[in-house]
Amino acid sequence: MDAQHITTKERLAIPRQQMPSQDPVIRSHNFQEVNLGYTIEQAQREAQRCIQCKDPVCIKGCPVNIKIDQFIKLIADGNFLGAARKIKEDNVLPAICGRVCPQEDQCEKTCVLAKKYTPVAIGNLERFAADYERENGSVELPTVQPATGKKVAVIGSGPAGLSCANDLVQLGHAVTVFEALHELGGVLMYGIPEFRLPKEIVQAEIEGMKKLGVVFITNSVAGRSVTIDELLEEEGFDAIFIGVGAGLPWFMGIPGENLLGVYSANEFLTRVNLMKSYQFPDNDTPVFNCTGKNVAVFGGGNTAMDAVRTAKRLGAEHAYIVYRRSEAEMPARLEEVHHAKEEGIEFLMLMNPLEFVGNEEQWLTGAKCLRMELGEPDDSGRRRPVPIKGSEFILPVDMAIISIGNGSNPLIQQTTPDIEVSKRDTIVVDINTMATSKESVYAGGDIVTGGATVILAMGAGRTAAAAIHEKLMAAGE
Amino acid sequence: MYKIVSAIFLAENIKKIEIEAPRIAKKRKAGQFVMIRVGESSERIPLTIADSDPEKGTISLIVQGMGKSTRELNCKAEGDSIHDIVGPLGTPSHIEKFGTAVSIGGGVGTAIAYPTAVALKEAGNYVITINGARSKELVILEPEMRAVSDEAYITTDDGSYGFHGFVTQKLQELLDSGKTIDYVLAIGPIPMMRAVAEVTRPYGIKTVVSLNPIMVDGTGMCGGCRVTVDNQTKFACVDGPEFDAHLVDFKNLSDRNKMYLPEERKSADLFAHKCNLNTLK
Ligand SMILES: Cc1cc2nc3c(=O)[nH]c(=O)nc-3n(C[C@H](O)[C@H](O)[C@H](O)COP(=O)(O)OP(=O)(O)OC[C@H]3O[C@@H](n4cnc5c(N)ncnc54)[C@H](O)[C@@H]3O)c2cc1C
Ligand SMILES: Cc1cc2nc3c(=O)[nH]c(=O)nc-3n(C[C@H](O)[C@H](O)[C@H](O)COP(=O)(O)OP(=O)(O)OC[C@H]3O[C@@H](n4cnc5c(N)ncnc54)[C@H](O)[C@@H]3O)c2cc1C
Ligand code: SF4
Ligand code: SF4
Ligand code: FES
Ligand SMILES: [Mg+2]
């Protein structure tokens, strides 16, 4: 396995290493992680597939420009800790991003091998390096710069807030994170399920930040418990970063949506992940009893996949994805779609719900749906789904989960009128600094972009941290 | 952890609990609530902030033992702590000088109506309070209500104290006597709020109710608390909890509140086995 003396031809002959995973039949009844991670041998073999391009175009596909060629070479050479540290120069949450990034649209899409062969499994390798470091207890606390005497408040503890706090505390600022819920981590905790992202990994990152000195205050809703102006004027913060995510679930506005048994994906996932209702009655929070029931999830994104696979794990007899376009248009990560199919999720494509119907007690009994077909391409070039006349039918379901996206929660905007917001209620920023229209207030992540990705939120948090640092240090001179 | 500085029963199964929560005490306004989690495996449940002492940094909750979570809280005593409390949540009551304002509370709803009655009085209204209970022993906050009322009435279903009958009958009696009423606030069980709405509807009196749907986060994130008002979906935890009584779909609310009845029963039964403490007075 001498990585140095291997020809390009030999590299190209190595097949992409399959990620080992739990058996689909078994895992569709448990909440343990689906993917088991590469072995050392697999990781090194996969790393050897990388031809170490002179112009590593994969890097351009990564929103935070991880030095992909370099960390992969370190893995090939057996220097796994070195690889983890190389990644961490650009990405503070590699164990998380390695698991949840839509690699096929990012780094792996631009990898030169993607066209003729299969791309290097960059995400799997990133995960391997980060897991290796953590599991061997070798995570080194970074050095913290001398205290600057400046105070920064971070609102929200999702990936945007965490990465911003992490950078700022290392630069010597006193950082306090305010989180609305009783638990830290944002969507990483209450949205993405354990079987895809073990909560232990998220908590390990947060513990590391606590050791660096970040102060976390849970149960604190900015806009209600305390306003942005109060933090600036009364509590003496020198700057504020807002990373409150996109947390206002959209409904479809069709009849019957308030019947019993109709949930938003947020509510369903929050009950199960945050409130642990899969352990009812040991945990008090109840959730619809899916056992032997038919469950339909409306939508085609990652959230929809998480919800439908969760329903299956809670015992659903039939668990459907109902999506109005075709599978090719589904925004979910490919791997999740693949895993969902292996687990027996039924995909009903080109189908649009018109109405929910219920019984005497107002419990949901079915979704009236219309079949669609693909028509002419629209402005975006995507073929637009058009209804097939007279194709209405009732899909019998006991539970419906709406997963068509989230808007932004307007609490902060309403209580801080001098922050400019868009028509969609997202916060407007200068994308080079993440500065809002209000002096000393920055924002990033889903509250700025609308529902996007973990890595983009993280990148935004770091951009803001750099700008805040520059501003605070200039002010200090 | 948030410390309980006092806990006393006001009536059978109804406890007043004062908790250290300085930020909330400073900020809360009438009509707002908190979400609490008693212990690590508990639900998040909403409770109205009945009173606060900003100097002391405490808030008071008045809790009626219904099922597992409220009884678990009512088992707590002075010196104990609860795991989480977040607030103040919800849109504060809309308070102005309406003229003659009637505040109607049914059961523990009296406690929820109390802070708003105080605010109505402070805004210069002529305040009439009507507080209903099943019987004399269940009447709560009588002295407090009298102190903020220009006229205070108590009704009991069994006639053991005050007016014999329902709060709506007392309200109708006031209207029949020719009193001009400009504003009605009604808080209590759903059938009571619905009945009050029907009494005032023919008179066109502005009537507000505080809705009690099942909540999870209390911040607008889950949509579980959605209610139908004027044929539109609203999230009670952020758009409410107070809404125009004449536009509320009470049937949908009362149906949705039955969503977890079997699970709630199971939790309560398991808790009864676990907790030997007498939760009653
Ligand atoms: C179910 C699900 C699955 C997903 N899967 C993927 C995936 O596979 N890959 C991927 O890249 N992305 C995925 N996403 C998207 C990704 O999780 C988000 O883009 C990302 O989490 C956004 O980060 P953020 O920090 O902006 O916000 P969030 O993660 O939403 O965190 C915001 C935090 O702020 C808190 N908050 C909100 N309001 C306030 C307030 N007023 N005061 C204080 N705190 C507040 C919230 O409670 C929350 O903890 C998924 C999203 C969901 C919902
Ligand atoms: C805005 C608001 C303010 C409230 N203020 C008070 C108050 O000041 N004092 C008080 O005693 N009660 C108040 N309630 C009601 C209180 O929250 C419920 O009685 C409590 O949640 C019941 O929980 P349990 O486990 O004890 O009973 P359970 O047996 O679980 O439930 C009893 C009934 O309470 C309702 N309920 C159940 N879970 C919830 C939940 N998570 N959120 C809301 N309702 C639920 C359902 O209708 C259920 O059938 C308020 C409710 C709301 C929405
Ligand atoms: S952070 Fe995401 S996009 Fe960047 S290299 Fe890692 S998996 Fe690829
Ligand atoms: S583009 Fe692909 S092959 Fe080239 S350096 Fe990047 S990962 Fe390696
Ligand atoms: S309780 Fe979740 S949105 Fe209101
Ligand atoms: Mg309960």
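All positions are counted from 1 along the displayed chain.
Cβ atoms are placed via backbone N, Cα and C, with glycine included.
Some features that TrEMBL has for this protein:
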| type | residues | note |
| --- | --- | --- |
| DOMAIN | B:1-95 | domain 'FAD-binding FR-type' |
| BINDING | B:ILE62, B:VAL63, B:GLN64 | FAD binding site |
| BINDING | B:CYS222, B:CYS225, B:CYS237 | [2Fe-2S] cluster binding site |
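Look at the binding-site residues B:ILE62, B:VAL63, B:CYS225, B:CYS237 and count other Cβ atoms within 10 Å of each Cβ; B:ILE62 has the fewest. B:CYS237 ([2Fe-2S] cluster binding site) carries a helical DSSP state (H, G or I). With a threshold of 8 Å between Cβ atoms, the binding-site residues B:ILE62, B:CYS222, B:CYS237 that neighbour chain A are B:CYS222. When the binding-site residues B:GLN64, B:CYS222 are compared by the number of other C-beta atoms lying within 10 angstroms of their own C-beta, B:GLN64 comes out lowest.
B:CYS222 ([2Fe-2S] cluster binding site) sits 26 Å from B:ILE62 (FAD binding site), counting Cα to Cα. According to DSSP, B:ILE62 (FAD binding site) sits within a strand segment. Checking the binding-site residues B:VAL63, B:GLN64, B:CYS222, B:CYS225, B:CYS237 for a CB within less than 6 Å of any atom of ligand 2 leaves B:VAL63, B:GLN64, listed in sequence order. Between B:ILE62 (FAD binding site) and B:CYS225 ([2Fe-2S] cluster binding site), the C-alpha separation comes to 21 Å. Among the binding-site residues B:ILE62, B:VAL63, B:GLN64, B:CYS225, B:CYS237, the ones whose Cβ sits under 6 Å from an atom of ligand 5 are, in sequence order, B:CYS225, B:CYS237. Reduced to three states, the DSSP call for B:CYS225 ([2Fe-2S] cluster binding site) is coil.
If you average pLDDT over the domain 'FAD-binding FR-type' (B:1-95) in this model, you get 94.
Listed in chain order, the extra residues whose Cβ falls within 8 Å of the Cβ center of the FAD site residues B:ILE62, B:VAL63, B:GLN64 are B:LEU10, B:ILE14, B:LYS15, B:LYS16, B:LEU47, B:LEU61, B:GLY65, B:THR70, B:ASN74, B:VAL108, B:ALA111. Reported as a whole number, the C-alpha separation between B:CYS237 ([2Fe-2S] cluster binding site) and B:GLN64 (FAD binding site) equals 20 Å. Counting only the Cα atoms, the space from B:GLN64 (FAD binding site) to B:CYS225 ([2Fe-2S] cluster binding site) is about 20 angstrom. B:CYS225 ([2Fe-2S] cluster binding site) is 20 Å away from B:VAL63 (FAD binding site) when you measure Cα to Cα.
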